[in-house]
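> Please see the structure below; I have some questions.
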Amino acid sequence: MTVLPWRFLAIAVLVPVLLVIAAAMVGANVGGGVERTLIVFFINLAAVAGMGLYCGNSGILSFGHLSFMGIAAYTSAILSLPVAMKNMTLPNLPPVLAAIHLDFVLALLVAIAFSMLVAYVAGLVIARLEGAAATIATLALLIIVHGVIIGARDITRGSQSFFGVPRETDIWVAAAVCAVALVIVRLFRDSVPGLKLRAAREDLIAAKANGIGVKHERMLAWVLSAGLVALAGVALGHFLGAFSPKKFYFHDTFALLAMLIVGGMTTMTGAVVGAVSITLVSEILRRLEGGIDLFGYQLPEVFGTTQIGIGLIILLVMFRRSDGLAGLDEWDERLLPWLFRRKMPEGDDAPKLAATKNEDTLVADTVTKRFAGLIAVDKVSLSLAPGEIVGLIGPNGSGKTTLLNLISGVLPATSGVVTKGDTVITDMPAHRIAGLGIARTFQNIRLFRTLSVRQNVLAAALNAWPKRSVAEAEAASAAALDWMGIADKAESKANTLSYGDQRRVEIARALALEPDFLFLDEPAAGMNREETDALMETLRKLRDTLGLGLLVVDHDLPLIVRLCDRVVVLNEGKLIAEGAPGDVQKNPDVITAYLGRKRQDDIAA
Ligand code: ADP
Ligand code: MG
């Protein structure tokens, strides 16, 4: 399922496929060195695009993908080697393998399937890790697979060259492999799992709080990307005809990573740009390396020129454009944005958010959170009924944000229980709590910064429960943006918006989940009086129209008093007062907590 219109994606993939075909026609006609260079280029591009499918969308760099290339190349080679040849070169091959002889296509399919199976098993560990730990795990995978290939001497000829592989890869096979990889990579990026992964790449905590449980998406991307790299590996094996484990180790990992990083790993366009530029540069540097005659001067041979040159290019690109030469957008998003701008129906036909049917009350019962020596939340009990607006106030550091984190599952509670109706949510992961209809915003805005406003909201809308279609999620997104008055900024990147608009996007994103309860952590921070009043008006209307229960954190006492049905006051982690706004305002403990703090602040200032 994709999140962009088909007519747009059709153009987005058709153009690169046509370019690949055109290049292949040129290569086939010119022949010789050009043709061979192009074949290698196509295979590299397929591999880079495949790596990008995982690395780009998840934001986790992988050193391990060459192992899938190796596994696939060896598997397909062994399966397609004629039996007589096997008896000669691999006398100790297990009988099952010795007797098999598959044709190229079948061998290719089995090799890819096997590589994906290995990826799945490895992914059980790797797809669970975050950031640098995940990258290091992929490095371990590369080393392990390399070791296994060398160790399985009877099957692979160990570190010696494996030869006699049927040369099936001509320029058309290579072009087809490349085209398939580009199409899958481009479509995955704007698929439902692709969008969720990219959201999580930008902000994992916000993604989880908006119902994105990234585990399955990450595994899917990992296995798919292994499959594409495996496809490239098979093509490479059947192009070279002979190879050794060295071919699938650090040297080539470095070369492909250079393409990925220089071009930009988050897009198909980046893979193309990276593969083209690094291929061109290496061709030029390789000639220099062999010594060259420059206007009559004979330049000496300099070994390592290519490697050093590529290293310098990576450095330069990282300094000037850390997202790679192609940046974060696909070519089609950059050049054809009008093609996918859609108008949502207006007036009576405009999409609307559904009113909640929830009748359960949310109850936190004596929840406590301890950070090392500090008790940030100390046995606080709190309830929030459907359609109720509760204010949570208290001086800075009194535990308001921490309490929201505990209820929404962003932090585990040290003790205490949180329930929604009969459901205990205390130990649920945050994305499941969001799925149960508890949405929130963050005090320090957490948007998916490089995604558009529309994508920010859609990534959340897709997780509403019960499951809904992309079209329904899009309608909910549009309605949520409309509620917050930012529908006209739908195609802007989130990080280009003003502070106030970013807060509105965050609320729209939470609303798009069509939640039963909405927590807002200092929603008016950074807004002027006018904006704040408008926001309060919107919040009240949301409650009246949709029946949401709202929990609003702020330290602006007058504001909370005007908005809320009930107010809860925290001080130093403890609940010190609770009740009608007017009463709480007069409560001596509350006055002391606020004034006491104020006086200290005044002295400090
Ligand atoms: P509030 O939102 O009311 O300003 P917080 O809930 O952010 O207060 O913080 C309550 C207390 O817990 C503060 O003393 C803060 O320093 C501490 N705290 C909050 N989060 C953490 C954390 N992740 N690790 C350690 N201490 C924390
Ligand atoms: Mg706070």
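Keep in mind that glycine also has a Cβ here, set from the backbone N, Cα and C atoms.
Note that this is a predicted model, so its numbers are computed, not measured.
Sharing the features that TrEMBL gives for it:
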type     : residues : note
TRANSMEM : 38-56    : transmembrane segment
TRANSMEM : 63-84    : transmembrane segment
TRANSMEM : 104-126  : transmembrane segment
TRANSMEM : 133-151  : transmembrane segment
TRANSMEM : 171-188  : transmembrane segment
TRANSMEM : 220-243  : transmembrane segment
TRANSMEM : 255-281  : transmembrane segment
TRANSMEM : 302-319  : transmembrane segment
DOMAIN   : 362-597  : domain 'ABC transporter'
> What average pLDDT does the predicted model assign to the domain 'ABC transporter' (362-597)?
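Its mean pLDDT is 93.
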> Contact between the transmembrane segment (38-56) and the transmembrane segment (104-126) is defined here as three or more C-beta pairs under 8 Å separated by at least 6 residues; is that satisfied?
no
> Per the 3+ Cβ pairs under 8 Å rule, pairs at least 6 apart in sequence, do the transmembrane segment (255-281) and the transmembrane segment (38-56) touch?
yes
> Is it the case that the transmembrane segment (220-243) and the transmembrane segment (133-151) have 3 or more CB pairs under 8 Å, with pairs at least 6 apart in sequence?
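No, the stretches stay apart by this measure.
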